[in-house]
Amino acid sequence: MSVQGPQRRLLGSVNSTSPAAPRLGLAANQTGPRCLEVSVPDGLFLSLGLVSVVENVLVVAAIAKNRNLHSPMYYFICCLAVSDLLVSVSSVLETAVMLLLEAGTLAGRAAVVQQLDDIIDVLVCGAMVSSLCFLGAIAVDRYISIFYALRYHSIVTLPRAWRAISAIWVASVLSSTLFIAYYDHTAVLLCLVSFFVAMLVLMAVLYVHMLARACQHARGIARLHKRQRPVHQGLGLKGAATLTILLGIFFLCWGPFFLHLSLMVLCPRHPICGCVFKNFNLFLTLIICNSIVDPLIYAFRSQELRKTLREVLLCSW
């Protein structure tokens, strides 16, 4: 990543005599002796990345194989899996190259490694932006399917879905390129943080509204069966728990990374903020964990997809 010094891992590996120069002027000793730094072993990071790669490859393969899954909703889920796959592959590739450089197995000039690092950074940033976009697209798709059920297939058509998907990928590539090129501009960081907040608010509003509609529907059914309280309370608790898990995981996995970006704008030289900066690799690990959890939340809950997944695993193409 290109947002702050210690995470420029490839360049730091080439010049082992001196650590990579921190970006935005953060001093190496600025964080003080009392900072809590959570170290993520490279083996654990690689293992999580590989698990994410396998999961998301299976999701893409299952959707590609089953024509019944060739619908806008599953195309959004497939693109989310591709985004998570790119995040994991890029992170694993960067870590693997860094380990090979440190071990002396791989030799490279600083200029070459700089170019490789920039390419990986663009992939990671673009995949992160597209992942957030497709999470929002899935929320919008589900919202339309509930509140405009009779008109859903006329609103969410395949051409419109493909246009939305194309726009998301183009915007992700352009924004990630600009982010890497102008990483030291405050406006770029503020745009990324604002984008995350917008996606969080969008998902929260849509899913809360969907939960309210589900509870309202349950109350109507309960009145007909004269079992209002048990049915309504049971569905309300289940829906609230699902909503809490969905938004909680999203915020837990993505929030620390964007907190890091926010603090880079607000207090890049403050010792307390420096303590947060030292845990950047932990924040990347949480994003990898999100790439592992996404298929469980959005893909594997589908019975049709699970059935196809079993066929894929049994190689019955």
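Every residue gets a Cβ built from N, Cα and C, even glycine.
Annotation source Swiss-Prot lists topological domain 'Extracellular' at 1-37, 94-118, 184-191, 267-279, citing sequence analysis. Among the features that Swiss-Prot reports, N-linked glycosylation site is placed at Asn15, Asn29. The feature transmembrane segment is assigned by Swiss-Prot to 38-63, 73-93, 119-140, 164-183, 192-211, 241-266, 280-300. What Swiss-Prot records for 64-72, 141-163, 212-240, 301-317 is topological domain 'Cytoplasmic'. Marked as S-palmitoyl cysteine by Swiss-Prot on the basis of sequence analysis: Cys315.
Across the topological domain 'Extracellular' (184-191), mean pLDDT in this model comes to 83.
Stretch with the largest number of CB pairs closer than 8 A to the transmembrane segment (164-183), among 73-93, 192-211, 241-266, 280-300: 73-93.
Using the rule of three or more Cβ pairs under 8 Å, pairs at least 6 apart in sequence, the transmembrane segment (73-93) is in contact with the transmembrane segment (280-300). Outside the transmembrane segment (241-266), and at least 6 residues removed from its termini, the chain residues within Cβ reach (under 8 Å) are 3-4, 24, 132, 135, 186, 189-190, 192-193, 196-197, 200, 203-204, 207-208, 211, 273, 276-277, 279-280, 282-284, 286-287, 289-290, 293, 297. Each residue in the topological domain 'Extracellular' (267-279) gets a DSSP state, and the totals come to 7 helix, 0 strand, 6 coil.
Beyond the topological domain 'Cytoplasmic' (64-72), the same-chain residues lying 6 or more positions past its ends with a Cβ under 8 Å from any Cβ of the stretch are 78, 141, 156-158, 160-161, 302, 304-305, 308, 311-312, 317. If you look at the topological domain 'Cytoplasmic' (301-317), the same-chain residues 6 or more away from its ends with a CB under 8 A from one of its CBs are 58-59, 61-63, 65-66, 68-69, 74. Cβ atoms under 8 Å from those of the topological domain 'Cytoplasmic' (141-163) belong to residues 71-73, 75-76, 206, 209-210, 213-214 of the same chain, restricted to positions at least 6 beyond its ends.
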